[in-house]
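A.B. asks: Please see the structure below; I have some questions.
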Amino acid sequence: MSDSHLTAFDKASKAGFIIALGIVYGDIGTSPLYTMQSLVENQGGVNQVSESFILGSISLIIWTLTLITTIKYVLIALKADNHHEGGIFSLFTLVRKMSPWLIIPAMIGGATLLSDGALTPAVTVTSAIEGLKAVPGLSHIYQNQTNVIITTLVILIVLFGIQRFGTGFIGKIFGPVMFIWFSFLGVSGFFNTLGHLEIFKAINPYYALHLLFSPENHRGIFILGSIFLATTGAEALYSDLGHVGRGNIYVSWPFVKMCIVLSYCGQAAWILANKHSGIELNPFFASVPSQLTVYVVILATLAAIIASQALISGSFTLVSEAMRLKIFPLFRVTYPGANLGQLYIPVINWILFAVTSCTVLYFRTSAHMEAAYGLAITITMLMTTILLNYYLIKEGVKPFLAHLVMTFFALVEFIFFWASAVKFMHGGYVVVILALAIVFVMFIWHAGTRIVFKYVKSLNLNDYKEQIKQLRDDVCFDLYQTNVVYLSNRMQDYMIDRSILYSILDKRPKRARVYWFVNVQVTDEPYTAKYKVDMMGTDYMVRVELYLGFRMPQAVPRYLRTIVHDLMESGRLPKQEQEYTITPGRDVGDFRFVLIEERVSNARQLSNFERFIMQTKASIKHVTASPMRWFGLQYSEVTLEVVPLILSDVLKLPIKELVPVEDSEA
């Protein structure tokens, strides 16, 4: 990696600062909408809070943001970039060679992050719309929670509906809107604290520790389940590293943290001033002057939509990375935007929409959603901590020191997990069930791939080179295609899937001028696009190894076109002049891609567990994208062949012929 790239990645700019606000901080920036509300409601309402409770709550929020968001994610995790990319799967690719079991925390962390992404839009948008209850002219309408639900669902329908068209056209306003949002949080919070400057004593961690063990705290340590809502967006700082660069996060985070802390302090000051008023509104909206409430609700709704959009886009990226790492089924991916970073996965989009909408309908109020929110993300953070521990060791940190630092964060996060676990019975089971379903699918897909690799038969291409040459020159067979391309999942040295040679020589001899054997390898680097070619001492057999980053589309025909021209220009591959063509001077012949689907033909060697995995994976395949779409072959000539995947050496099954007995009287 060049120094210039590192400098650009670590450099901050005014434009990068604004972009970071719109992309990175949507989730954590909308947490003031519901965190204080959750704390107050779980304490029994505004009338039940005391000054020490409020000081302790704010102190817990400040130090949670400091320990988890600032120290763990901003100061440590952002260093663990994979060629400028962040996120749990990027981190996994950095350390996966250190231990095979690291795939487990990667899958669990990815699954819980996805399940959290389904709940975030429901919580943030509902919280924003509930602010209309504080608007004098609209309060009589939105006191009816059904109207809140309808408005929320309309916004979600529009939000998920526009994903197929790309969001680049509205993405340009995200940064400026979030800058206004954070500025409002900071300014309004500051003015609310002017009458209660004692609230700033909360910076002293004594108040945080005192509250955890104080009898005034009705929930004890379980109050941390509500406190954790303030930092649920911390994982997004790391996941969106590649979009904005480390330097812009370093510069923007202090501004964001200051604004949201001031907002929490402002809400706390309002609670202290109105704890005997009997008002039971969300402290965030109640602390705003009534004449400004409608504008604040509009701004909060925009911020909630931006936060939701960031989670949706992040979910698409997460799933696409999992697919390329071969731990998730293949689904159709499109790129509606002008760059590869803007992707859209229809199946995931509508699953997220269904789960989010059902969440709104099931929980109805943001308060009930908050009761379930945060449980999954504590697990994600724990999994990230495990992977970070290995990363620090890989980077030369002494194992004792790495274990010490990461054990500290693991203990802190486990306490938050324990405190959030009580949410399981109050709706947390929804995200847990969703996360378990995703982990199950990931496990089946990964384990099924390993089983195939374990049993598949491979043959050496060199042993069949002479047969292929004879077939190529045998005019008794019609020319099947000028170029025949086989995509192989396994191609080590000259060993290749038995099924490919079976297709060429046995199933139907395929005479061609050139045989291509292509293997796509996903690299640890996100945006690699390289290849290696081996002509095998011939001009008719070509082994191609494509090295594509885990964030690159696997559009094989486009890459192959470039490779063919490179080989012809270097003289390694003869030109293929076409007698009939509408393109003058065309020197590349026609291509046919042969896709082979291996089906288990004899499962005697499989255990019951392995058989269950293979059968389940086959069922999942029915709803996944075809390999033709995944490899970008929908506009190419493609043949799909089904061949037996032989898992047993038993080639003949005994069978006895029934010989008719002649009539003795005949």
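For all residues, glycine too, the Cβ spot is worked out from N, Cα and C.
Found this in Swiss-Prot, in case it helps:
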TRANSMEM  16-36  transmembrane segment
TRANSMEM  58-78  transmembrane segment
TRANSMEM  100-120  transmembrane segment
TRANSMEM  141-161  transmembrane segment
TRANSMEM  165-185  transmembrane segment
TRANSMEM  221-241  transmembrane segment
TRANSMEM  253-273  transmembrane segment
TRANSMEM  292-312  transmembrane segment
TRANSMEM  343-363  transmembrane segment
TRANSMEM  373-393  transmembrane segment
TRANSMEM  399-419  transmembrane segment
TRANSMEM  424-444  transmembrane segment
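Describe the structural context of these features.
C.D. replies: Listed by sequence, the residues of this chain that lie at least six past the ends of the transmembrane segment (16-36) yet keep a Cβ under 8 A from its Cβ atoms are 57, 61, 69, 120, 123-124, 127-128, 131, 171, 173-179, 181-182, 185, 226-227, 229-234, 236-237, 240, 243-245, 247-249, 251-252, 255-256, 260, 263-264, 267-268, 271, 282-284, 300, 303-304, 306-311, 366-367, 370.
Away from its own ends, the transmembrane segment (58-78) comes close to residues 28, 35, 86, 91, 199, 202-208, 211-212, 223-224, 227-228, 230-231, 234-235, 237-238, 241, 246, 249-250, 253, 257, 260-261, 264-265, 268, 381, 384-385, 388, 405, 409, 412-413 of its chain (Cβ-Cβ under 8 Å, at least six residues beyond either end).
Listed as Cβ neighbours of the transmembrane segment (141-161) (distance under 8 Å, sequence separation of 6 or more from its ends, same chain) are residues 121-122, 125-126, 129-130, 132-133, 135, 301, 305, 308-309, 312, 349-350, 352-353, 356-357, 360-361, 364-365.
If one looks beyond the transmembrane segment (292-312) by at least 6 residues along the same chain, the residues whose Cβ comes under 8 Å of a Cβ in the stretch are 22-24, 26-27, 29-30, 33, 116-117, 120-121, 124-125, 127-129, 131-132, 134-138, 155-156, 159-160, 163, 167, 174, 177-178, 180-181, 184, 233, 236, 240, 284-285, 349, 352.
Within its own chain, the transmembrane segment (373-393) has Cβ neighbours under 8 Å at 68, 72, 76-77, 80, 88, 91-92, 94-95, 98-99, 102, 105-106, 108-109, 112-113, 115-116, 119-120, 123, 225, 228-229, 232, 234-235, 238, 399, 401-403, 405-406, 409-410, 413-414, 416-417, 420-421, 423-424, 428, 431-432, 434-435, counting only residues six or more beyond its boundaries.
Within its own chain, the transmembrane segment (424-444) is flanked in space by residues 107-108, 110-112, 114-116, 118-119, 322, 327-329, 355, 359, 362-363, 368-369, 371-373, 375-376, 379, 613, 616-617, 620, which lie at least six positions past its ends and keep a Cβ under 8 Å from the stretch.
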A.B. asks: Which of 100-120, 221-241, 343-363 shares the most C-beta pairs under 8 angstroms with the transmembrane segment (399-419)?
C.D. replies: 221-241
